[in-house]
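Peer 1: According to Swiss-Prot, the feature Mg(2+) 1 binding site maps to Asp57, Asp109, Glu157, Asp159. Annotation comment: Swiss-Prot describes Asp184, Asp186, Asp238 as Mg(2+) 2 binding site, evidence class similarity to another entry. As annotated by Swiss-Prot, compositional bias 'Low complexity' applies to 278-287. The compositional bias 'Acidic residues' annotation in Swiss-Prot covers 288-297, 310-332. The feature compositional bias 'Basic and acidic residues' is assigned by Swiss-Prot to 444-459. Residues or ranges marked as compositional bias 'Polar residues' by Swiss-Prot: 464-473. As annotated by Swiss-Prot, region 'Disordered' applies to 278-332, 435-473.
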Amino acid sequence: MGIKGLFKLLREKIKEEEKEGLKRKELGIPDDDTKIKYKPLTVYRFRRLKGITVAIDASLAIYRMVYGKLKSGPSLVNREGKLTSHLRGIFYNVLTFLQNDIIPIYVFDGKAPDIKSKTIEKRKLRKDRFKLTSEDIKEVQILLDLMGIPYIIAPGEADVICSWLCARHDSNGKRYVKGVCTEDSDMLPLGAPYMFKDMLGLNNLNKNIIIVKLKDVLGFLGLTMNEFIDLCVLLGCDYCDNIKGIGPKNAYKLIVEYRTLDKVLEFLHKSNKITSTKTNKTISNNSDDSDNSDDSDNEIKDSNKIDISNDLEDSEENSDDSDSSDEASDSTENEICMLKAAEYFRTALKEIDESKTFVLTDDQLKLRQYQHDELMDFMCVKHNFDPRSIKNGIDRLNSYNKSMNITRPNKKVYHKIIEPKGVTIPSLSDDINFIDSDTDSDTDSDKENNESEKFESKNSRSKTNLIKRNSRS
């Protein structure tokens, strides 16, 4: 899910700044250099990122592959009826990364933190959601091993390890990865310096992606890292709900005014503008309680007071005592979650730094040689993919291995070959079905030639008659 409304807020602030810039230009006022130098959202052509290493949230990538296929057509399944769309998607996505000389490091979720338990329960209740099983994950890991692609199984959330890889340096003083390839903005309050949006599922080097630079986001919004974390929590994230009636613009105004989440919550309580996270009975009818809302009716009236409501409804007249009690309980519970979420964002990477069990190996960070026969068997025999397409993909993989000089061995057994004789790749001629009347006899050939001559002669006469008619006119 990520941070609710964060990118909406950034885009709207960018538009506002662009309008202000045009006004300053018309009035002959110099541009505000402090704003110009910050570019929180930058559009890049994918091929420009050549030669880097990226961390990828594996679970998110799998979901994107499955739902992407659902939008374009029926899902792919193997002979046993098991879904395989994600395997095909990961296979070709890896090839696109390698084609651009990019090393992908996939990171899989471990045990979810207790703070995320409510979010997980909500997701389980969604009937239309693709359920990612342990078998699905294992199959993707086998595919990556056979292709020689590194991956990490996180001790906790993949988000944290992805952000840690991006923020920390190896023994040579170089960051493990340049950025995190994800659509989940949780990476930013966790401390990932770079986030790459719209890169999952990419299969074209000429496509555009969006690079989100944390340093520029902070500078553009005029916030410290701690203030930005509090803003993200106030907006709502995977670990807590947002406060109903307070959308992106008002959340930003509150953080700018009060600077900390504690003081914002204190202000809201004193102003009687917060009692529940499930209803907005104490919030204005004009409040911005969704990511698509407009904050035009909720402005800062002066430097000492923020007005986020106009016509407050009387909660006592519109609810009974039990409802009020439930609302207060909901509010208190969510506020506790918000404070825990802020602390989690601040300390998650430090816990990895101090962990004595989290150790990285070369196999988790570097490319290895691929296993040709096993990969063909895994994809074509076990999962029923077209042999010719997979063979073409493996040929591409071989060329990228050579161009990237991948020499690290990969001899461990990840998949036991099902068809020892190898996968049969049908020739093009096998795909041609001749009908009974098709023969190679000379008489039939002569007949076809005669028919062809008659057709050409008829066309010639038609053209001649047309020329004569045109000349008469």
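Using N, Cα and C of the backbone, Cβ positions are placed for all residues, glycine too.
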Peer 1: Setting Asp57, Asp109, Glu157, Asp159 aside, what same-chain residues sit with their Cβ within 8 Å of the center of the Cβ atoms that define the Mg(2+) 1 site, listed in sequence order?
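Peer 2: Result: Ser59, Leu60, Val107, Ala154, Gly156, Ala158, Val160, Ile161, Cys162, Asp184.
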Peer 1: Determine, using Cα-Cα distances only, which of these binding-site residues is closest to Asp186 (Mg(2+) 2 binding site): Asp57, Asp109, Glu157, Asp159.
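Peer 2: Going through Asp57, Asp109, Glu157, Asp159 one by one, the Cα closest to that of Asp186 (Mg(2+) 2 binding site) is Asp159.
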Peer 1: What's the CA to CA span in angstrom from Asp57 (Mg(2+) 1 binding site) over to Asp184 (Mg(2+) 2 binding site)?
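Peer 2: So the Cα of Asp184 (Mg(2+) 2 binding site) lies 9 Å away from that of Asp57 (Mg(2+) 1 binding site).
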Peer 1: Relative to the Cβ position of Asp159 (Mg(2+) 1 binding site), how many further Cβ atoms are located within 10 Å?
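Peer 2: I count 26 other Cβ atoms within 10 Å of it.
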Peer 1: Find, for the listed binding-site residues Asp57, Asp109, Glu157, the residue with the lowest Cβ contact count at a 10 Å cut-off, counting only other Cβ atoms.
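Peer 2: Selected from the binding-site residues Asp57, Asp109, Glu157 on minimum Cβ neighbours within 10 Å: Asp109.
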Peer 1: Considering the binding-site residues Asp184, Asp186, Asp238, which residue's Cβ sits among the greatest number of other Cβ atoms within 10 Å?
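Peer 2: Neighbour-count leader: Asp186.
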Peer 1: For the C-alpha pair, I'd like the distance in angstrom between Glu157 (Mg(2+) 1 binding site) and Asp238 (Mg(2+) 2 binding site), rounded off.
Peer 2: 11
